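Novice: Following this message is one structure expressed as structure tokens.
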Amino acid sequence: MTSRPETKIPDEITSPYPIIGAGTIESGFGRGSAELGIPTANIPVTSELNKLETGIYYGWCRLVPRNQECAAKQRSDGKKVYFNNGTKLADDELETFPMAMSIGWNPFYNNETKTAEVHIIHKFRENFYGADLRYAVMGHIRPELNYTTKEALIADINKDIEITKDALSKPSYEKYRTKI
């Protein structure tokens, strides 16, 4: 594993941030929750996200339910996933929350496609596959790394989450909470 570089969060937001966007939540591989205990919401890699270096980013996000028929869909591993389009989200789950976003290939899992995986720093009661996720990427934490153990990967993700919370507590970042 390449060693984790030190993360320095600037007091003020610097270009190219913020990057404001949205995407509809897709089913992923089911690893975030099941294997790592850190659920993620997968969204399409937009042209704006694709311009960023692979790595881990911090920012704000919020879920927006979609008025669409609910349906079960089959994931790439054969498991059926229920898309409720966010219609089961409670009012307190529609607020803006901090997020840590991974953009890249997930070398630990040898992914063949580039993904954008968002860990929303909030405990949700229901899944929300099919909902829209609006986001503001506020900055970069670190490059994408490979790991020799799942435990090392989990430890680094948890560190990313703490860095995200600390960064977004700065006044210059906090003001963007209401802009998405």
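The backbone N, Cα and C atoms fix where each Cβ goes, and this holds for glycine too.
Per Swiss-Prot, Mg(2+) binding site is recorded for T40, N42. Marked as active site, nucleophile by Swiss-Prot: E117.
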Novice: To the nearest Å, how far is the Cα of the residue listed as 'active site, nucleophile' from the Cα of T40 (Mg(2+) binding site)?
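Specialist: The Cα atom of the residue listed as 'active site, nucleophile' is 6 Å away from the Cα atom of T40 (Mg(2+) binding site).
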Novice: So how many other Cβ atoms are close to N42 (Mg(2+) binding site), meaning within 10 Å of its Cβ?
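Specialist: Taking every protein chain into account, the count is 20.
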Novice: Among all protein chains shown, how many Cβ atoms are found within 10 Å of the Cβ of E117 (active site, nucleophile), not counting that one?
Specialist: 21
Novice: Starting from the Cβ of T40 (Mg(2+) binding site), draw a 10 Å sphere and report how many other Cβ atoms land inside it.
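Specialist: By my count, 24.
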